[in-house]
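> My questions will all concern the structure given below.
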Amino acid sequence: MDLLAELQWRGLVNQTTDEDGLRKLLNEERVTLYCGFDPTADSLHIGHLATILTMRRFQQAGHRPIALVGGATGLIGDPSGKKSERTLNAKETVEAWSARIKEQLGRFLDFEADGNPAKIKNNYDWIGPLDVITFLRDVGKHFSVNYMMAKESVQSRIETGISFTEFSYMMLQAYDFLRLYETEGCRLQIGGSDQWGNITAGLELIRKTKGEARAFGLTIPLVTKADGTKFGKTESGTIWLDKEKTSPYEFYQFWINTDDRDVIRYLKYFTFLSKEEIEALEQELREAPEKRAAQKTLAEEVTKLVHGEEALRQAIRISEALFSGDIANLTAAEIEQGFKDVPSFVHEGGDVPLVELLVSAGISPSKRQAREDIQNGAIYVNGERLQDVGAILTAEHRLEGRFTVIRRGKKKYYLIRYA
């Protein structure tokens, strides 16, 4: 199947401006395309992943992707999908975030590809020096207020109010498309479904300034979850692509906990497995859902894509250790990663009675309860059940000399650190 047909099979096409024309172009020519990423935080998150990987699919099919970091548009704020005005971030902050995002995007695209190397650009390079008179004459002149008011991103904010700053955002994004069309021969812009209005504004600007130009837009659907909760969020917050903000273990766990109703769709969106491989996993899901083979494959493929083979191996080791209780064989780095979000307590001093530590660390509310917990077999130290109320924790109980992992009951973990 051709590229557009594959994207449609994967469910990655929400809207296109001219499907037949785009298919013909993609089948006949090497197309330069772009997608923009505004730096609204110091990292991209998994909500960006479907779009990033779609760019990679285009490159693998022989086309040339440009990742555009919104160093300028990030200073303005996109109203699309937002119910209220964004807080304006400082220029220095946006610059720092832009650099981080540029580095992250670089992991997914091939900048050395023979014939179609990817590029990364920053729209501050051309919007920053643009003076207001030139902008109003060369760009603003081509947009009627009526046209802009009809856009969903503006319509949805009429009641609550929208500043002129955010109102003008679509013109800046339209100018990006025109600029890349002129300087890079860029014929296609892709983006999330909320970007349809901004993309079509760019096509309109190209049409008005260049005549009947052949440029196209394609949007990718919003990733949803069958249970109605927001994709990419957990109880502990957003799932980021930066391993310092979301550890590879947490990242792996997010995917392995995917609902049966979502997992095949996510395999199509987020992996490069073939149609045959995904259909085989779909059949296995129907026949033996308890094996969770589709979820394991999804977690492994996406973690490897984002964090690499070694991080995937660590994530699997941590997961298996927590499941089996074999915590003693984890490295210090793996313990830090696997227990990053559990309650922790710093013990200052040497050997300590287990009962005393359980109370001081807040694991058991009183010494009486601590003794009961131990006698009832509810306390595990480094994966081993301890039922001796007189037990003393010594240097032997310190993993890598730095940690003791205590579990109370089936799932309540605590990390003891030593000063």
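Using N, Cα and C of the backbone, Cβ positions are placed for all residues, glycine too.
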> Can you pick which of Tyr34, Tyr269, Tyr380, Tyr413 Swiss-Prot lists for the same L-tyrosine site as Tyr169, Gln173, Asp176?
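Of Tyr34, Tyr269, Tyr380, Tyr413, Tyr34 joins Tyr169, Gln173, Asp176 in the L-tyrosine site that Swiss-Prot records.
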> State the residue range annotated as motif ''KMSKS' region' by Swiss-Prot; the candidates are 20-24, 210-214, 230-234, 300-304.
230-234
> Looking at 9-18, 39-48, 239-248, which one is motif ''HIGH' region' according to Swiss-Prot?
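Residues 39-48 are the ones Swiss-Prot records as motif ''HIGH' region'.
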> Could you state the whole-number distance in Å separating the C-alpha atoms of Tyr34 (L-tyrosine binding site) and Lys233 (ATP binding site)?
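Per the Cα atoms, Tyr34 (L-tyrosine binding site) and Lys233 (ATP binding site) stand 27 Å apart.
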> Could you give the maximum C-alpha to C-alpha distance in Å for the residues Tyr34, Tyr169, Gln173, Asp176 that bind L-tyrosine per the record?
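That value is 18 Å for the farthest Cα pair.
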> I want to check the contact list for Tyr169 (L-tyrosine binding site): same chain, sequence separation of six or more, C-beta distance under 8 angstroms. What comes out?
Thr73, Ile76, Gly77, Asp78, Pro79, Ser153, Asn198
> For Lys233 (ATP binding site), what residues in its own chain, 6 or more apart in sequence, show a Cβ-Cβ distance under 8 Å?
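Those within reach of Lys233 (ATP binding site), by Cβ under 8 Å and sequence separation of 6 or more, are Ile239.
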